[in-house]
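Chemist: Below you'll find the structure I mean.
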């Protein structure tokens, strides 16, 4: 479990860099704030298509190298390609004709978007098979499945800590001097250096896991008709899986969907919020850059709390004797924290109005903002583990493979992200470019997710006394 789950650290290192640095970086290349969210649309779209497809084909794979390993290796190669395109977008854009005096650098933006898309495809190619690999190793044991997903969330936290720590360091580029060029300033050079570190870490973890862990053998193999079906058969399978979903899985997808409508605005705009609303900067100036680095520091605190909570979930779930209760409470915490961003923003604005010589927010405002980042690590740990564990448990009665089942659940993650990507930029623009309207939308959705988790989700059989477990298993099968 530990060796395979550790791949999450390499994956999440890259995700952490995306979440903390790429939104500000895209605006430095000249992408307007309103359109930044549309660039992030590529992530959920690739997740909508790629992860279920990869899950299906990894379930059906008869490769001598294993069911999951070839996809994990392919995803790693794609990450390396995407990192080069994103990191060198400004340099390549200049070589192709971009002027350094232009506010918007169209060629650099095009290369950045292509690299961004490939990076999201790569991450989705990696995540699904890694989680399915853990489910295979769990051999259908619900408690092992929950523990494996908690371990995966822990290593995601490790990757977050490393990624956000790297992103908050303004002098990291000095380690690799060639990263700073005429077209790529210190911020851009730091981004390059961070990505170099992330790909080295990912390759090392993937190599060690694939060499040292032997995949379980499964008697079920796909027949010749299945092999000839190709992509068309996949879409038939995914539609069939949705048609045959039992009520618990539909309810799980509803709660997950609302949960991610709550999460995505914060994941999309957290460092942008710090740079603009909390620090009062404008894109490209010193205050904005300082705010972005402070946001990366906050995300590092978030990751530390996430890691600790991920380990604690294994024991807390036993204490509650009910995983859905923990998830419901976590959603209410998310709701409160998103609502509190309004208070922090107003406090920062009031400080700027009354300060004689404003440089940075007051210590109280900084502490309030960083506290929100840290506290959000607790519900994030729950979001990264409990839903996937419940999906593995609920899907046992459906007969679907773990890869396909987790791919179906991923639809409930990416569809709300697509919704938020489409509407958040327009909503923010209607309110003068502020990030707060999207945060308020997230708070409402998180509250609704908490209510649904507590009132609608069935209790997994493994969390019930023996006398009730039978009836729950019967309920899950009808």
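Every residue, even glycine, has its Cβ placed from backbone N, Cα and C.
Look at TrEMBL and you will find 37-57, 69-88, 147-166, 195-213, 249-269, 296-317, 329-348, 368-391, 403-424, 436-457 tagged as transmembrane segment.
Could you tell me the structural context for the features on the list?
Modeler: Below 8 angstroms of C-beta separation, residues 7, 14, 22, 54, 57-58, 61, 63, 111-112, 114-116, 118-119, 121-126, 128-130, 133, 179, 184, 191-192, 195-196, 198-199, 202-203, 206, 209-210, 215 of the same chain, each at least six residues beyond the ends of the transmembrane segment (69-88), sit close to that stretch.
Residues 3-4, 6-7, 9-11, 13-14, 17, 69, 72-73, 76, 79-80, 83, 86-87, 137, 162-163, 166, 176, 179 of the same chain lie 6 or more positions beyond the ends of the transmembrane segment (195-213) yet place their CB under 8 Å from a CB of it.
Beyond the ends of the transmembrane segment (249-269), by six or more residues, the same chain brings 19, 23, 37, 40, 327, 331, 334-335, 338, 376, 380, 383, 387, 390-391, 394-395, 398, 405, 408-409, 411-413, 415-417, 419-421, 424, 435, 438-439, 441-443, 445-446, 448-449, 452-453, 456-458 to within a C-beta distance below 8 angstroms of the stretch.
Tertiary proximity for the transmembrane segment (296-317) is limited to same-chain residues at least six positions away from its ends with a CB under 8 Å from its CB atoms, namely 16, 19-21, 146-147, 150-151, 153-154, 156-161, 163-165, 167-168, 270-271, 274, 323, 326, 369-370, 372-378, 380-382, 384-386, 463.
Residues 258-259, 262-263, 265-266, 273, 277-280, 361-362, 364-365, 368-369, 372, 375-376, 378-379, 382-383, 386, 434, 436, 439-440, 442-444, 446-447, 449-450, 453 of the same chain lie 6+ residues outside the transmembrane segment (329-348) yet bring a C-beta within less than 8 angstroms of a C-beta in it.
Within the chain, the transmembrane segment (368-391) has long-range Cβ neighbours (under 8 A, six or more residues past its boundaries) at 131, 142, 145-146, 149-150, 152-153, 156-157, 249, 252, 255-256, 259, 263, 266, 270, 274, 278, 294-295, 297-299, 301-310, 313, 317, 323-324, 326-327, 330-331, 333-334, 337, 340-341, 343-344, 347-348, 361, 405-406, 408-409, 457, 460.
Using a Cβ-Cβ cut-off under 8 Å and counting only residues 6 or more beyond its ends in the same chain, the transmembrane segment (436-457) has close neighbours at 248, 251-252, 254-255, 258-259, 261-266, 268-269, 273, 277, 324-325, 327-332, 334-336, 338-339, 341-342, 345, 390, 416, 420, 423-424, 427-428, 430.
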